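Colleague: Attaching a single structure in structure tokens format; questions to follow.
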Amino acid sequence: MQIGQRLGTPLSPSATRVMLLGAGELGKEVIIALQRLGVEVIAVDRYPNAPGHQVAHRAHVIDMTDPDALRALVDAERPHLVVPEIEAIATDALAAIEAAGVCEVIPTARATQLTMNREGIRRLAAEELGLPTSPYAFAQSFDEFAAAVARIGFPCVVKPVMSSSGKGQSVLRSEADIEPAWRYAMAGGRVNHGRVIVEGFIRFDYEITQLTVRAIDPASGQTRTSFCAPIGHLQVAGDYVESWQPQPMSAKALERSRDIAHRVTSALGGRGIFGVELFVRGDDVWFSEVSPRPHDTGLVTLASQRQSEFELHARAILGLPVEPALATPAASAVIYGGLDEAGIAFEGVRDALAVPGADLRLFGKPESFAKRRMGVALATGANVDEARERAKRAAAAVRPVSAR
């Protein structure tokens with residue numbers, strides 16, 4: 001495959017083939033962006049009829065943590081690029097695939113290995129790169145966990161080293177929280193082993209996601225780093241419920257945020273978009289986490305930027321030029337399922353879209369849970385405050401209902 005020079009025709013011998021590992025709502029938007037560039041897309045997930053399955057050329061259901069199943073599928077499909085969109089993947093198999101020259105892993109196999117759990121990326125950021133982070137400790141057993149909490153002190157945060165969307169994450173404020181927090185962390189991890197990170201609580205003014213793009217500069221042919229405007233977000237129990245762009249911040253804090261983002265993404269390497277999560281207080285900035293893929297808080301870019309984070313990712317991985325500029329202030333607000341049922345319906349869509357500047361993305365997930373993210377409302381405005389009010393009003397208008 002000639003990166004940045006040639007794209008083929010889907011379903012033909014000339015096709016440029018991309019396999020996405022993970023076909024949720026973020027993967028779905030990446031697939032749509034790739035489809036618009038004439039790319040043949042293979043979507044893979046652990047359950048049938050995932051959102052990305054519905055828009056891909058081909059769909060597969062496998063256990064992506066099974067290295068043999070993953071390698072067999074890659075050998076059968078022969079993609080030019082493999083693009084992980086979730087963390088729960090057999091990353092050692094990806095490393096072997098990359099080393100054998102079977103295909104390119106985005107951004108790199110090493111990056112997927114380091115970011116698949118919080119331990120790898122925290123040690124890279126704090127111990128190798130010397131980036132400012134919260135105090136932290138890792139624990140493998142309940143006794144180690146209790147000792148780590150005693151060492152870090154209250155309040156503190158516990159997270160499974162392998163989890164996403166706030167699963168298994170809680171804040172400990174006293175000794176009475178220790179045992180329940182351990183049980184919750186064990187239930188929320190993606191794999192069956194009890195390793196957690198305990199983090200000291202940082203008293204921050206706000207959190208941001210600094211979307212960072214590593215793409216080929218057409219003038220030099222070299223990889224260049226560029227940045228989207230900072231995204232502010234509100235999280236509840238570790239899960240994003242609202243985001244907006246741009247987040248107002250001081251020039252010094254923005255400079256420090258981008259320096260941290262540049263350093264950590266350069267260490268990970270490769271091409272694509274990275275979601276770098278940071279805590280900010282005044283001019284001070286602390287590194288939190290990084291995802292080597294589009295970020296859920298970045299759904300706001302579907303309204304705020306001419307090229308969304310998904311289009312930026314698609315272009316960057318294909319070696320094409322990117323333009324991450326902000327077009328307008330915008331916001332997003334999550335629409336939850338509200339009930340536990342397969343094949344739900346949505347009422348109030350007309351009212352939601354009647355809100356000035358509003359738009360919707362209903363993800364098409366086949367099964368709803370009360371707190372499962374089933375869609376998102378987007379809105380533009382003259383400023384962030386107006387956009388946030390509109391997005392929340394549009395989201396509140398949508399009513400998930402039983403289809404029975």
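Numbers run from 1 along the shown chain.
Each Cβ is built from the backbone N, Cα and C atoms, and glycine gets one as well.
The structure displayed is predicted, hence computed values, not measured ones.
The N(1)-(5-phospho-beta-D-ribosyl)glycinamide binding site annotation in Swiss-Prot covers Glu25, Leu26, Glu85, Asp296, Lys365, Arg372, Arg373. Positions annotated as ATP binding site by Swiss-Prot, on the basis of sequence analysis: Arg118, Lys159, Ser164, Ser165, Gly166, Lys167, Gly168, Gln169, Glu199, Gly200, Phe201, Ile202, Glu207. Look at Swiss-Prot and you will find Glu277, Glu289 tagged as Mg(2+) binding site. Annotation source Swiss-Prot lists domain 'ATP-grasp' at 123-318.
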Colleague: Pick out which of the binding-site residues Lys365, Arg372, Arg373 has the most other Cβ atoms within 10 Å of its own Cβ.
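Modeller: By the 10 Å Cβ neighbour count, Lys365 comes out on top.
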Colleague: For the binding-site residues listed here (Glu207, Glu289), tell me which residue's CB has the most neighbouring CB atoms inside 10 Å.
Modeller: Glu207
Colleague: Based on DSSP, name the secondary structure state of Glu207 (ATP binding site): helix, strand or coil.
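Modeller: Once the DSSP labels are grouped into three classes, Glu207 (ATP binding site) ends up as strand.
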Colleague: Among the binding-site residues Leu26, Glu85, Glu289, Asp296, report those whose Cα falls within 10 Å of that of Arg118 (ATP binding site); none is a fine answer.
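Modeller: Checking each Cα against Arg118 (ATP binding site), the hits are Glu289.
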Colleague: Sorry to bug you, but what's the C-alpha spacing from Ser164 (ATP binding site) to Arg372 (N(1)-(5-phospho-beta-D-ribosyl)glycinamide binding site), rounded to the closest Å?
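Modeller: With distance taken Cα to Cα, Ser164 (ATP binding site) is 13 Å from Arg372 (N(1)-(5-phospho-beta-D-ribosyl)glycinamide binding site).
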Colleague: To the nearest Å, how far is the Cα of Gly168 (ATP binding site) from the Cα of Glu289 (Mg(2+) binding site)?
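Modeller: Rounded to a whole number, the Cα-Cα distance is 16 Å.
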Colleague: At a 10 Å cut-off from the C-beta of Glu199 (ATP binding site), count the other C-beta atoms across all protein chains.
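Modeller: Around the Cβ of Glu199 (ATP binding site), 22 other Cβ atoms lie within 10 Å.
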Colleague: If you average the pLDDT over the domain 'ATP-grasp' (123-318), what number do you get?
Modeller: 95
Colleague: Nearest by CA distance to Glu277 (Mg(2+) binding site): which of the binding-site residues is it, out of Glu25, Ser164, Glu207?
Modeller: Glu207
